[in-house]
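As written in TrEMBL, here are the features:
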TRANSMEM  48-69  transmembrane segment
TRANSMEM  185-205  transmembrane segment
TRANSMEM  212-234  transmembrane segment
TRANSMEM  268-292  transmembrane segment
TRANSMEM  313-337  transmembrane segment
TRANSMEM  378-401  transmembrane segment
TRANSMEM  485-501  transmembrane segment
TRANSMEM  522-545  transmembrane segment
TRANSMEM  565-598  transmembrane segment
REGION    692-720  region 'Disordered'
COMPBIAS  694-703  compositional bias 'Polar residues'
Amino acid sequence: MVDSNKSNSKKGVLDIWDDYDQNHPENAQLRGDAEFDGPVKDRKCTDIFYLIFFILTNFGLVFVCYFIIPEGDLHRLTHGFDFRAEICGYGGLADRPYMYWPDPYNLDFSLCVQRCPEYYITDYICLYDTDHKTLLLDWGCWDTVVTTYYGYYCVPVTDQARRKVMDYLYQPMILVKRSVGDLALAWDTVVMGLILSIGIGLIYLVCFRIPYVMHALMIVSIFTPELLFLYFIYLFREAQLSTHQQLCGESDAGAEPEYCYEAPSQGFYYLMFVALGFAIAYAVWIIMKWRLLKLGVSIIMLSCRPLHTLKQFFLYPFMLMLSGIGIIGLLTLLVLYTMSTGTETTVKASEIPGGYSKKIEDYETEKYMMIYNVFITLWWLVYLIAFGEFVLSSSVAVWYFTRERSSLYYPLWKGFKSILRYHLGSTVRGSLFNSVLAIPNKIMTSYTRMLYKLKKNHNGLANCLGKCCACLACHQKYLRFFTDYAFIFLALFGHPFFECAKKSYYLLKRNKQRVNLPSKAGQFVIFIMKATICLSGTALTYSLLLLQPYTPRGQDTDLLVAPSWLAFYSLIVGWFTAQVFGGSMAACMNTVVLCGACDEEMFTREQRFMDHQLQAFLDSVFEEQTEQQRESKERAVMQNPKKVYQKASLLENMDEEGAILLKPIKNNYTGSQKGSDTLMGDETVIAAQRPNVAYNNNDQSNFHWMEEDTAEDKRPQFSR
């Protein structure tokens, strides 16, 4: 133990983590047998605790529904109320939709009016009786306060009165309620954006079976997000002008600039620069990744054939979309009802009969219930996506490991049966962790890559930065394992989620040279598809809100106080749509890639299930990468041989075809390093993985290599 600690103290941080990966018990090669034919049949329930927690969390929604539905009223989100706490624009006040304060310095007393007064008129505003028609002239009338429209509210234009009313309307909870209330008024614009997103997703699914059409469509799709980002700059400018008109609208008296609340409209200037920044970043990113386009389209076309060969696979995204939209709609309605709750309070008002006025105030616990509902809604979104990925991955895995695919019936049902009976808990756990830890995982992954690049020329600085970052250990032990491939490994082998996450991570790491570049290229193309689907629907919704006088249902868009929040909600719905359609292709591609890695580790070339076209494609990509790496290494040796290699024995140990000797691999079970004397003792020998290399962690020599054309296969043979 002491010697081990001393040796570790001499190693760098990255070297220690490399040894940790090399000796990790989950980093063991998969073994195949004659009975293996896809997802295992013998399964057990996994991660039950997370399923129980999810169920108990959703039981809280029952209590929320019981409490808020009788108390809630969606009209409170869009309209104000009068001195009797009756909602303007509904019931007996249907012809009085606007909330008006006769005395803007006393906000405890309000009336509902037919239209906001834009001129000064003496004794024009009077009290009305309980029938909402008879005017109580005996109680007096008020001179009109010149106002401007702000949604369904009449806002004074004069100095401190405007400031007082705007301070009231911009209280955090009231602002959130008014913004969300626009969804109840103009939900049809979101539906129009959703229809466009679904249509674009359908086009991608249909056209991916036609090579030339798909290449042309992807070229158009590459430029679409860039154009949409630039279009959003124009929309933000229109939103800035519209908001400025609402807050500082022209009238006879005019709203003084000091009191017209310029901050909300000025915020759109910052959004314009944000959109410009996204446009520039996207253009640079596309230029850097352009060479991956053709490769990405090819790998998706080869790996997404299950979506086209079986009709149920093609229809599955629509099934998931309909169920998801239904659940999202119900949870959104619950959020709206939660925000619309309130209690009536009584305040003194000598201006009205009885001397008291009523107001609607928020519950103290309302904001906590709102946060809870929003959290559950987002969790359901990511859970539905994870559920769909598992079912589709399980079905594609059944398809992949079936030799007679013409006789394959109802593979989706097998995926449904597997998740409903055994893995609901693992799906809940994975959906929560993958979504919550996604951003920290990406940040730390980028940081780790930077350390490895820095290590090549500045090893000391890399070790120093590695030791200074306290989060590096957390990332290396936990964060980096949470990927979408965990659901695929779960569908194949049925282990608990975190175990599947680690095994899938190490499986892809062992086969990095084979699958890394095709997988990245496919993810590049799918990201473009998702961005096009999501941004197109959002742009349509935002355009209908800002550029049209009325929504398709006839709602006046000038009476919406926060159309940008509606566009944000449309962005969330568009993101879900993109995840369903683009995620279906990603799930197919990732499943085929991971199944291919399992296939190559478990079986010899003659025994594999992999399609010949996909095998040839992966081989060609690998050979091209290997040739490029060999040329770059030879170039580095010629430029600075002492710095790159401490000994010149590397090139001497290359055969004519460029096969590189492998670095000895530590035994995963004993921790010893065997076979070190069978190769040269130079630790700088580069470990390379070729398609003709087979590993065996249980073999006494701990490694061997094999040329398929000349050498005998060392893996266990069996006949089918």
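If you go along the chain as it appears here, the first residue is 1 and each next one adds 1.
Note: Cβ is positioned from N, Cα and C throughout, glycine not excepted.
TrEMBL labels come from automatic prediction, so no person has curated them.
Since the structure is predicted, the reported quantities are computational estimates derived from the model, not experimental observations.
Segment contact is absent for the transmembrane segment (212-234) and the transmembrane segment (485-501), given fewer than three CB pairs below 8 angstroms at sequence separation of 6 or more. Same-chain residues lying 6 or more positions outside the transmembrane segment (313-337) and placing a CB less than 8 Å from one of its CB atoms are 61, 64-65, 68-69, 72, 74, 77, 180, 183-184, 194, 198, 201, 205, 306-307, 370, 373-374, 376-377, 380-381, 384, 387-388, 391-392, 395-396, 411-412, 573, 576-577, 580-581, 584. Outside the transmembrane segment (268-292), and at least 6 residues removed from its termini, the chain residues within Cβ reach (under 8 Å) are 222, 225-226, 229-230, 232-233, 236-237, 239-240, 243, 520-521, 524-525, 564.
Panel annotation: around the transmembrane segment (48-69), residues 334, 337-338, 341, 369, 372-373, 376, 379, 383, 424-426, 428-429, 432 of the same chain, lying at least six beyond its termini, place a Cβ under 8 Å from a Cβ of the stretch. The stretches the transmembrane segment (522-545) and the transmembrane segment (185-205) meet in space: the count of Cβ pairs below 8 angstroms, excluding pairs fewer than 6 apart in sequence, reaches at least three.
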